[in-house]
Amino acid sequence: MNWIERDKQSIWHPFTPLLGVDDPLYIKSAEGVYLITEDGRKILDAVSSWWVNLHGHAHPAIAKAVAEQAASLEHVIFAGFTHKPAITLAENLLSILPDNQDKIFYSDNGSTAVEVALKMAFQYWFNKGDVRKKVIAIDGAYHGDTFGAMSVGERGDFTKPFNEHLFEVEFIDFPTPENESKVFEHFKNIIETEEVASFIFEPIVQGASGMRMYNEQFLDKLISYAQDHNILCIADEVMTGFGRIGKLFACDYISSNPDIFCLSKGLTGGAMALGVTSCTKEVIEAFTSQDLHKTFLHGHSFTANPIACAAAVASFELLTSPTCRVNLSRIEQKHKVFHAKIKGHPRIKDIRYKGTILALEFFTDKDSSYFSEMRNQLYPFFLKKNILLRPLGNLIYLIPPYIITDKELDKIYDAIEEFLAL
Ligand code: PMP
């Protein structure tokens, strides 16, 4: 039996058919921007394996940090103990997050970083003797697969079987230049009439719903209004964080500072899963009293795993290097030129870019949902050309590792043009 046959007998891959292929590909190793199969086929990972591998695969500095940490302290429970990688990483993150961020809380992945943020915000009010049930979120959002994260996300194909079990959320429409004033009125009305605990959002770019971008000044306006009414603002930077949209954080584009940040994905540069929720001093103070019942009752076995934190410290060094800054603007510049070249193509409904993201939406007379027929066309077309792009209905996007070369970007753009010429 080969690896795929063995895989089929023992592993459930519910996502694979959604991509328009029957079986997963067996990957033997990965290096730089490439995933390598057993027979030596090299696939250009233009989505950083779902927005994770910031500096490519198996980066020597990250691999070294992981190996050294594994050999000295691989794990210790984070209740009653602490360690150097966790402390160093927390200090590093606080040095780049907005000044109002006071403490780092560790968890395991993006969804749990969001769960923690939501629980923090609910309990913040509870500890103050004020039970607030409502959260405001933006239509089309994706914040993760766990129940709290699903509650504040788009109620669609992904949540249908669970909708009755999700908590109550007030959704505002996705902001566009045409509807901003209406959305703002709705937002104000919710805040004035409901007991709102928090406002959660993907800042500037909604990732999983198709790299949809909205106006940063408008986001600023929403946050300022919510904060003027003492509502905790949660920036889910799981996708946008760590340079993805040009600046270190999406919130670096705005002037107000959210109260809580959720981070994951690029945090460790892809070597390990790790989640972070940071918050202000004011939030922390609601939990620190003599009454133990008021402490934050949330903890995971793998919280602040030393190997994951060490990988994140190594990734942070790479991220904050001058080389990385140069790469970020180089990629954005390349996207800009390509955008100018193909915009207006009759098959393109919309094309947008920001930082390292480039997304193309195609005209289709068919269903453009996640389950659309177009997935059977898009993903396999690029994969045959040894390029991994992410399809979403009638849309495809790239979000490459920062080490991708101009030549490799050109290869992707050429393939897109070939697809357009079909
Ligand atoms: N928040 C956002 C904005 C995300 O894009 C994602 C993942 N796509 C998550 C949360 C959930 O992260 P994870 O997949 O690590 O649970």
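Placed from the backbone N, Cα and C atoms, the Cβ positions cover glycine too.
Now, the feature entries from TrEMBL:
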- W50, Y142, K265, G299, R390: substrate binding site (BINDING)
- G110, S111, D236, H300, S301: pyridoxal 5'-phosphate binding site (BINDING)
- K265: N6-(pyridoxal phosphate)lysine (MOD_RES)
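Most Cβ neighbours within 10 Å among the binding-site residues K265, H300: this distinction goes to K265. Cα separation, Y142 (substrate binding site) to D236 (pyridoxal 5'-phosphate binding site), rounded: 9 Å.
According to its DSSP assignment, R390 (substrate binding site) is in a strand. Distance from the CA of R390 (substrate binding site) to the CA of H300 (pyridoxal 5'-phosphate binding site) is 31 Å.
For ligand 1, the binding-site residues lying close by, meaning a CB under 6 A from one of its atoms, are S111, D236; the full candidate list was S111, D236, H300, R390.
Note on the binding-site residues G110, G299: the fewest other CB atoms within 10 A surround the CB of G299.
Of all the binding-site residues in the record (G110, D236, S301), the one with the smallest CA separation from K265 (substrate binding site) is G110. Every protein chain shown contributes to the tally, and the Cβ of W50 (substrate binding site) ends up with 15 other Cβ atoms within 10 Å. On the backbone, the CA of S111 (pyridoxal 5'-phosphate binding site) and the CA of G299 (substrate binding site) stand 14 Å apart.
Proximity to R390 (substrate binding site), judged by a C-alpha distance within 10 Å, picks out none of the binding-site residues G110, D236, S301. The two recorded residues, D236 (pyridoxal 5'-phosphate binding site) and W50 (substrate binding site), show a Cα separation of 16 Å.
Of the listed binding-site residues S111, Y142, S301, R390, the Cβ environment within 10 Å is emptiest of other Cβ atoms at S301. Maximum C-alpha to C-alpha distance over the listed pyridoxal 5'-phosphate-binding residues G110, S111, D236, H300, S301 is 23 Å. Around D236 (pyridoxal 5'-phosphate binding site), a 10 Å sphere centred on its CB holds 33 further CB atoms from the protein chains shown.
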